[in-house]
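This is the structure I have questions about; it appears just below.
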Amino acid sequence: MGAVKNLVKLLILVEVAVALAGPGVAALSMNYYGMNCPFAQYIVQSVVRDAVMDDPTLAAGLLRLHFHDCFVQGCDASVLLDSTPGSKAEKEAQANKSLRGFEVIDKIKDTLEAQCPGVVTCADILALAARDAVLMVGGPYYDVPQGRRDGRRSVDTDTLTALPSPFLNASALITLFGTHGFNVQDMVALSGGHTLGVAHCPAFTPRLKFEASTLDAGFASSLAATCSKGGDSATATFDRTSTAFDGVYFKELQQRRGLLSSDQTLYESPETQRLVNMFAMNQGYFFYAFTQGMGKMGQIDLKEGDRGEVRKSCRVVNKPSW
């Protein structure tokens, strides 16, 4: 009986602490679903594991989904919403047309709704799935506190200035990331997420034309051949180990084999070159810095209370109850 009273007191203290924190501080918790959906993290991990084992390239897709979600209106799963009549959603924006992994998120959500309906948000699913995908392909584990709410707005034009262009230089990247509270090390480490995945030719063909002095000649020839043969739909990998999370991306930059302008600029700029060299030399430090950056990213502009909801489907907002 005494243990029950102590537990009740503890829960009351937690509620008071959350209330005192005020509306500007999100009540994220490592055990947010501990009472009402205790197996939530296991379910996310299980679905992601199966998906990535079947198709290792999905690791990049799931990581990118989380990034593109958080940088536009905060981590609120707005990137998952489908377009509605008269309104194009974020996923229809040019920068998001190559996003992948939506079906994995749908499967996670369906499984969670069957176990504990109306409890786990799509925003939390995105954050957890990105972490688990990185881990599945050799990257670091990091804690993901939960409690994000799902947003109700998703407009394609919101992405125009929010997402980093593949043509930005280091100074512009530092400024853009800085608006979200990231320091220079965070920005370079999060750029290291490009150790996974591919980019389509339109994202890097301007580099072939105008940046020969910072582009390995053999690499340039290979890229030119790829795009000449496959056109705009053709892709190239960011580094030689595109389905393994490692430090090879930074070693490629040192060899001037960065795929995008926004990749290679990290080595060419005095503001960031030291960090590129450090991460290339010490993968463990890159992993540490990456987890610090992901922790910050997962808490960008969180929705709270009436500003958010727990969607029943990640693709549509809930219908009003009145």
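The count begins at 1 with the first shown residue.
Here the Cβ of each residue, glycine as well, is placed from N, Cα and C on the backbone.
Because the structure is a prediction, the values reported are computed rather than measured.
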Disulfide-wise, see what TrEMBL says Cys116 is paired with, picking from Cys37, Cys70, Cys75, Cys122.
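Between Cys116 and one of Cys37, Cys70, Cys75, Cys122, TrEMBL records a disulfide, namely with Cys37.
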What is the disulfide partner of Cys314 among Cys75, Cys122, Cys201, as given in TrEMBL?
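Matching partner in the record: Cys122.
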Do you know which of the recorded positions Arg64, His194 has the most other C-beta atoms within 10 angstroms of its C-beta?
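Answer returned by the neighbour count: His194.
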In this structure, which of the binding-site residues Asp69, Asp76, Glu90, Asp239 has the fewest other Cβ atoms within 10 Å of its Cβ?
Asp239
Measuring C-alpha to C-alpha, could you say which of the recorded positions Cys37, Cys227, Asp239 are within 10 Å of Asp76 (Ca(2+) 1 binding site)?
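Those near Asp76 (Ca(2+) 1 binding site) - Cα within 10 Å - do not exist; the answer is none.
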Report, in whole Å, the straight Cα-to-Cα distance of Val72 (Ca(2+) 1 binding site) from Cys314 (disulfide bond).
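For Cys314 (disulfide bond) versus Val72 (Ca(2+) 1 binding site), the Cα atoms are 16 Å apart.
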